[in-house]
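Database features (Swiss-Prot):
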BINDING   Lys57, Arg60, Gln96, Arg113  isopentenyl diphosphate binding site
MOD_RES   Lys57  N6-acetyllysine
MOD_RES   Lys57  N6-(2-hydroxyisobutyryl)lysine
SITE      Phe98  site 'Important for determining product chain length'
SITE      Phe99  site 'Important for determining product chain length'
BINDING   Asp103, Asp107  Mg(2+) 2 binding site
BINDING   Asp103, Asp107  Mg(2+) 1 binding site
BINDING   Arg112, Lys200, Thr201, Gln240, Lys257, Lys266  dimethylallyl diphosphate binding site
Amino acid sequence: MNGDQKLDVHNQEKQNFIQHFSQIVKVLTEDELGHPEKGDAITRIKEVLEYNTVGGKYNRGLTVVQTFQELVEPRKQDAESLQRALTVGWCVELLQAFFLVLDDIMDSSYTRRGQICWYQKPGIGLDAINDALLLEAAIYRLLKFYCREQPYYLNLLELFLQSSYQTEIGQTLDLITAPQGQVDLGRYTEKRYKSIVKYKTAFYSFYLPIAAAMYMAGIDGEKEHANALKILLEMGEFFQIQDDYLDLFGDPSVTGKVGTDIQDNKCSWLVVQCLLRATPQQRQILEENYGQKDPEKVARVKALYEELDLRSVFFKYEEDSYNRLKSLIEQCSAPLPPSIFLELANKIYKRRK
């Protein structure tokens, strides 16, 4: 298959995935929209779903479907099993939406996926916290509706619950490493950074979609899952470091969001790299300007990053990490096809959004 054909297949898969969303909304809302007691709340759920779940890249959700199709022999891929794979893909997207709505509140973000954050919309505010919980609840309603009779139902429930917990642990590490109003650069070590990334991003963004497809394909052995986890945690770190780079150096018209890591006092890959390279004078500049909302102070930190040429440091890291990832896939992917992991790595390598 040449590049254009691959693109056509990918675009078709993406369209099929997006089209399934209307079915998801229908299952979650249709029966109760006219309910005499709950009707108004169900209308709100529909609005929350339609604003917060669509508009992303759908990489996580599509990974479930693509991996399922690669692991399950074609004769077993009937319409019903593909519906279930699409639904579980949307459950991953719902989990992502749940985290993002809350994350945007905690980070005081303004835009997400090219539109104003949900909590920033007039009349929403902190009610968005409850809306996020509705998104999380939708996951388990869908799993029950579509997968309850399947042998992998319990494994999927545990996987989603575990992924939520790991992500919340990661968010906790992130928040306590950089408490609001307290800048303590001594906390920003490479070790702490890797822990935050492992728990906050890698589990739900990389392991969850692949592991869900594995369970749906009947692959539930500990060794197979441990090997997949090893590769996918490494990939998750690679992805988050790209994200940290794009937060500052990305183009908001491409990324769909304006980065706030410097003013939010985040333990970002860039600040960790800056601290590893800074002279005492440069560290002083960082101490005086990091974690503050003043645009001039943010600009000083950015200038310091430019002075230390952190762009080049990132490009070298991206190259080295990609090569390391490829050799890890070679060693650990069996008995799964290496292509599952390689396609995912290629999708994020040199991404700019």
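Every residue gets a Cβ built from N, Cα and C, even glycine.
Here the features listed in Swiss-Prot are painted onto the structure.
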residue	record	DSSP (3 states)
Arg60	isopentenyl diphosphate binding site	helix
Phe98	site 'Important for determining product chain length'	helix
Asp107	Mg(2+) 2 binding site	coil
Arg112	dimethylallyl diphosphate binding site	strand
Lys200	dimethylallyl diphosphate binding site	helix
Gln240	dimethylallyl diphosphate binding site	helix
Lys257	dimethylallyl diphosphate binding site	coil
Lys266	dimethylallyl diphosphate binding site	coil
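In sequence order, Thr167, Ile169, Gly170, Gln171, Leu173, Asp174, Gln240 are the residues near Lys200 (dimethylallyl diphosphate binding site), counting only same-chain partners six or more apart with C-beta under 8 A. Using Lys257 (dimethylallyl diphosphate binding site) as the reference Cα, a 10 A cut-off selects Arg113 from the recorded positions Lys57, Arg60, Phe99, Asp103, Arg113. Spacing of Phe98 (site 'Important for determining product chain length') relative to Arg112 (dimethylallyl diphosphate binding site) is 13 Å (Cα to Cα, whole number). Cβ atoms within 8 Å of the centroid of the Cβ atoms of Lys57, Arg60, Gln96, Arg113 (the isopentenyl diphosphate site) belong to the same-chain residues Gly56, Tyr58, Asn59, Gly61, Glu93, Leu100, site residues excluded. If you take the Cα of Asp107 (Mg(2+) 2 binding site) and the Cα of Lys266 (dimethylallyl diphosphate binding site), they are about 9 angstrom apart, rounded to a whole number. Put simply, the two farthest-apart Cα atoms among Arg112, Lys200, Thr201, Gln240, Lys257, Lys266, the recorded binders of dimethylallyl diphosphate, are 19 Å from each other. Taking the Cβ of Gln240 (dimethylallyl diphosphate binding site) as centre and 10 Å as the limit, one finds 22 other Cβ atoms among all the protein chains shown. Counting every protein chain shown, 16 other Cβ atoms lie within 10 Å of the Cβ of Asp107 (Mg(2+) 2 binding site).
Cα of Gln96 (isopentenyl diphosphate binding site) to Cα of Thr201 (dimethylallyl diphosphate binding site): a distance of 10 Å.
In sequence order, Lys353 make up the list of same-chain residues 6 or more apart from Lys57 (isopentenyl diphosphate binding site) whose Cβ falls under 8 Å from its Cβ. Non-local contacts of Asp103 (Mg(2+) 2 binding site) by the CB criterion (under 8 A, 6+ apart in sequence, same chain) comprise Ser109, Gln171. Every protein chain shown contributes to the tally, and the Cβ of Arg60 (isopentenyl diphosphate binding site) ends up with 22 other Cβ atoms within 10 Å. Each of the binding-site residues Arg112, Arg113, Lys257, Lys266 was scored by the other Cβ atoms within 10 Å of its Cβ; the lowest score goes to Arg113.
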